[in-house]
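Enquirer: Could you have a look at this structure, given as structure tokens, before my questions?
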């Protein structure tokens with residue numbers, strides 16, 4: 001079984017006294033309750049949307065809520081219909097991960113579960129009030145299965161908390177190192193830059209010398225960029241918010257990224273996007289990092305594309321490449337600092353992309369490109 005270890009669920013089932021009788025009791029309610037599942041899903045998300053702290057997590061608007069309601073109906077169907085085997089619990093675990101991923105605070109999830117507890121108890125009474133012993137069995141089974149569901153949610157949120165703590169500890173150690181060497185590195189680079197300026201004024205028409213000096217200047221820029229990225233990872237620079245035209249931002253990023261002649265680049269749908277509120281410099285960095293990765297993956301011959309779309313108050317930009325994609329072992333930690341798929345990378349680019357996107361109220365996700373390769377999707381509020 002993937003996800004939560006099997007022993008956790010087996011222990012939980014033994015702890016609450018789960019048995020065959022509970023499964024029979026839930027199935028006996030399923031037929032009468034099924035027509036009411038859409039209403040219960042509506043009530044569940046109405047409760048969540050009624051609280052601003054929970055509502056802000058649902059950045060996808062009506063489309064996202066509509067999808068979640070459909071998922072909730074299937075969740076209710078399986079809740080009462082089973083089978084309550086290892087695959088069932090694994091699916092529950094993945095659903096819990098979705099709520100963690102979208103940033104829905106756990107206390108709202110736990111509170112909203114009361115909608116199902118009271119709603120299903122009411123349906124059980126309507127179905128079995130003439131048979132008190134069966135009503136008692138159904139109510140007990142409902143209590144057990146809903147408590148197990150809450151345990152799954154708690155486990156997923158706990159996993160996320162532990163992962164966050166690990167990231168904070170890594171960044172803290174990393175930050176101490178960067179903070180101590182950043183200033184020391186800037187000083188010699190500044191001396192080199194000053195000397196480079198003086199040398200350029202004295203080379204005259206010597207094209208060969210100028211070519212080498214230009215290379216030195218380029219590498220100075222690379223070194224300064226690495227230091228800047230390192231420092232940006234450990235401090236929160238204030239966002240200089242203003243209306244940003246993403247077509248200009250992405251276009252500028254594309255022009256600044258070097259690519260071999262064998263790698264084609266296509267930009268699609270950018271001109272139709274509305275402005276977003278954000279920091280143009282930081283947003284440009286997002287697409288510079290993603291495009292540099294895409295070009296690297298697609299080289300020496302391949303395809304890179306940026307495709308834009310808009311739906312439900314969000315803009316989505318897919319940065320795709322025809323390279324080898326990302327192996328499954330790396331995907332889970334792809335956006336963590338110091339994780340890289342490049343032989344000579346230091347693993348900051350995607351971590352910085354994630355940080356900037358989230359500071360703009362957006363997200364970044366990885367998926368496989370149809371036909372092979374990688375796709376990184378950046379979503380931002382429009």
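Each Cβ is built from the backbone N, Cα and C atoms, and glycine gets one as well.
Got these off Swiss-Prot a minute ago, pasting:
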type    : residues : note
REGION  : 1-155    : region 'Globin sensor'
BINDING : 45       : O2 binding site
BINDING : 99       : heme binding site
DOMAIN  : 180-382  : domain 'Histidine kinase'
MOD_RES : 183      : phosphohistidine
Enquirer: Could you tell me the mean pLDDT the prediction assigns to the region 'Globin sensor' (1-155)?
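Expert: Value for the region 'Globin sensor' (1-155), mean pLDDT as a whole number: 81.
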Enquirer: Going by DSSP, is residue 45 (O2 binding site) sitting in a helix, a strand, or coil?
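Expert: In three-state terms, residue 45 (O2 binding site) counts as helix.
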Enquirer: Using Cβ-Cβ distances, find the residues under 8 Å from residue 45 (O2 binding site) that belong to the same chain and are at least 6 apart in sequence, listing them in sequence order.
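Expert: Counting only residues 6 or more apart in sequence, the Cβ neighbours of residue 45 (O2 binding site) under 8 Å are 65, 68, 69, 72, 112.
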